[in-house]
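Asker: Please see the structure below; I have some questions.
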Amino acid sequence: MANSRILNDTAIDGQIEETTAWKDFLSLIKIGIVNSNLITTFTGMWLALHISGLSFLGNLNTVLLTLIGSSLIIAGSCAVNNYYDRDIDHLMERTKVRPTVTGKIQPNQALWSGILLIALGLIMLLMTTVMAAVIGFIGVFTYVVLYTMWTKRRYTINTVVGSVSGAVPPLIGWTAVEGHIGVVAWVLFMILFIWQIPHFLALAIKKTEDYRAANIPMLPVVHGFEVTKRQIIVWVACLLPLPFFLGSLGLPIVILGTLLNVGWLVLGLMGFRMKNIMKWATLMFVYSLNYMTIYFVAMVVFTLF
C-alpha cells in the first residue's frame, strides 16, 4: 500500500478525502469497535482484581497481555469481517469507503492480516489463562463464522447472534485474572449482550435503506419499524433486573444502573408518540452509547474508593 492515496469515489462537502495507509489500516480493523470493547474488557479485569483483593500494579503484566491480546483478536475479527463483506459493503453509504471496497487494501492483505492478528491475540491471552484464550476464541468464532458468514445475510436474528461476540470482552478480562467466570462477570456479559440488541436495532432503523440495498435482513427491513420498536422496548426492559445482581459492587452501581435503564425505557416508550422515527432512533442510539460508557467506567471509578 502507498503511504498516501486519494479516494476518488467519495467526497465530503465537495472535498476529495485523502487517507493514509495507517488510516486505511485503522478503518480495516474498525478501531472504534476495538476501543469501545477495551473499555468493557478492562472493566471485567478491574472488577476481578477488586473482588479478589489483588493489586492492579502487582498484576500489570496480566493487564497488558489481556488488553493487547483482546485488542488484537477484535481487530483481526473486524479485518476478516471487512474481507468477507467487501461484496456488499459497496452497496451501503456508511461502508462503501472501507479500504477493502475502494481497493486500498487488497482482499488477501485484509484476510491474512486478520488471521495473523487473531493468532497473536490468542497467544497473548493464553499467556494469562487458558480460559481467557478459550473465551477469546469463542468470541472470534461467533463473530466471524456464526454472525458474519452464517446469520448476517440470512436471518433477522443476526443481531442477537452478533451480540454474543460483543458481550465476551468482560469475560476475557475477568478470566485473565481469575481463571474462571464469576457471578459478576456473567452479569456484565448479560448487560452487554442485551444492551447491544436495542443499540443495533436503533442503528438498523437509521440505516434501513442501506441494509435493504445490500439485501441484509435486518429486523426493520423485514418486519418494519413498529415491530422493531416493540422489540427494542422488550430488550431494554430485560435490562431492568440486572443491576440488582451487582450489589457486591456497592449501592451506587445498583442505583446508577437502574436510573440508566429506566431512562432508556422511558425514551424507548416515547417512540410510540414521536412522529419522526428517525429522530427517535438517533436519540436511542446516542443514549445507548452513553449508557455503556457511563456504566462501565462508573464501575471502575466507584470501586476505586
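Using N, Cα and C of the backbone, Cβ positions are placed for all residues, glycine too.
I grabbed these lines from Swiss-Prot:
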type	residues	note
TRANSMEM	38-58	transmembrane segment
TRANSMEM	60-80	transmembrane segment
TRANSMEM	115-135	transmembrane segment
TRANSMEM	157-177	transmembrane segment
TRANSMEM	181-201	transmembrane segment
TRANSMEM	236-256	transmembrane segment
TRANSMEM	285-305	transmembrane segment
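Tell me about the setting of these features in this model.
Answerer: Away from its own ends, the transmembrane segment (60-80) comes close to residues 28-31, 33-34, 37-38, 41-42, 45, 110-111, 113-125, 127-128, 132, 136, 139-140, 143-144, 148, 165, 169, 172-173, 176-177 of its chain (Cβ-Cβ under 8 Å, at least six residues beyond either end).
Taking Cβ pairs closer than 8 Å, the transmembrane segment (157-177) reaches residues 37-38, 40-49, 52, 54, 59, 62, 65-66, 69-70, 74, 77, 125, 128-129, 131-132, 135-136, 138-140, 142-143, 146-147, 150-151, 184-185, 188-190, 192-194, 196-197, 200-201, 204, 216-219 in its own chain, all 6 or more past its ends.
When Cβ-Cβ distances below 8 Å are used as the criterion, the transmembrane segment (181-201) is approached by residues 40, 43-44, 47-48, 51, 131, 159-160, 162-164, 166-171, 174-175, 218-220, 228, 231-232, 235-236, 238-239, 242, 245-246, 248-249, 257, 264, 268, 284-285, 288-289, 291-292, 295 of the same chain, each at least six residues removed from its ends.
Residues 47, 51, 183-184, 187, 190-191, 194-195, 198, 262, 264-265, 268, 294-295, 298-299, 302-303 of the same chain lie 6 or more positions beyond the ends of the transmembrane segment (236-256) yet place their CB under 8 Å from a CB of it.
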Asker: What residues in the same chain, six or more past the boundaries of the transmembrane segment (115-135), come closer than 8 Å to it by Cβ-Cβ distance?
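Answerer: For the transmembrane segment (115-135), the list is 29, 62, 65-66, 68-77, 79-80, 168, 171-172, 175-181.
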